[in-house]
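Peer 1: Here it is: the structure, laid out below.
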Amino acid sequence: MKTLIRSALTLSAAVLISVAGAHATVRTEGGLSESKVGVSETYRLNVPTEKEISTTQIRLVIPAGVSVSRFQVTPGFTRTVTKNADGLVTEVVWKGRVAPMEYARFFLQARNPAQAGELVWKVYQTYSDGSVVAWDDADPAKGPAGRTTVK
Ligand SMILES: [Cu+2]
C-alpha cells in the first residue's frame, strides 16, 4: 500500500513538471534559441495542448524585421497569412485541432534581421471553448513569449 501511494505521488509530480515545462515555444528547427544576423533560418513553433479540451487555433505574430518566405505544409491545418504594405508577413493563423495530450509543430522559413537583437514571438492559443492563452509576455510567469537571440 505504501509503495502504491508513493508511486502515485511520483507520477503526479512528474505530470506537474511536464505540464509546467510545456509552453508554446518558437525555436530554430534545431531547437535553439539563437540564430545569426541576416541568414535564412527555419523556425519551429511548438504548441502543446495543456487543457482537457482541444486547441483549435494558433496565431503567431512575426517579429519586426523578420521576413517570412515559406511555410512547411502542416496536414490537418489551414493557414491564413496577413501581410503589411511592403508584402511582409506580419501574422499567421493556423486552424485545426490539437487534442489533449498532443502537440503540433509548425515550420516556417524566414530571413533574420540585418541587425543583432532579440526576436520576440507572440503566440495566441485558442481552445475549443473560446478561451485564449496568450504567450506574449503580458504575464511572463504564466505566458512567456518565444525568444530568439540574433547575433
Ligand atoms: Cu506550459
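Backbone N, Cα and C atoms are what each Cβ position is placed from, and that goes for glycine too.
Annotations for this protein, taken from TrEMBL, read as follows:
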DOMAIN    34-140  domain 'YncI copper-binding'
SIGNAL    1-24  signal peptide
Peer 1: Grab the pLDDT values for the domain 'YncI copper-binding' (34-140) and give me their mean, rounded.
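Peer 2: The answer is 97, the mean pLDDT of the model over that range.
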Peer 1: Over the span of the domain 'YncI copper-binding' (34-140), count residues by DSSP class, listing helix, strand and coil in order.
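Peer 2: Within the domain 'YncI copper-binding' (34-140) the tally stands at 0 helix, 63 strand, 44 coil.
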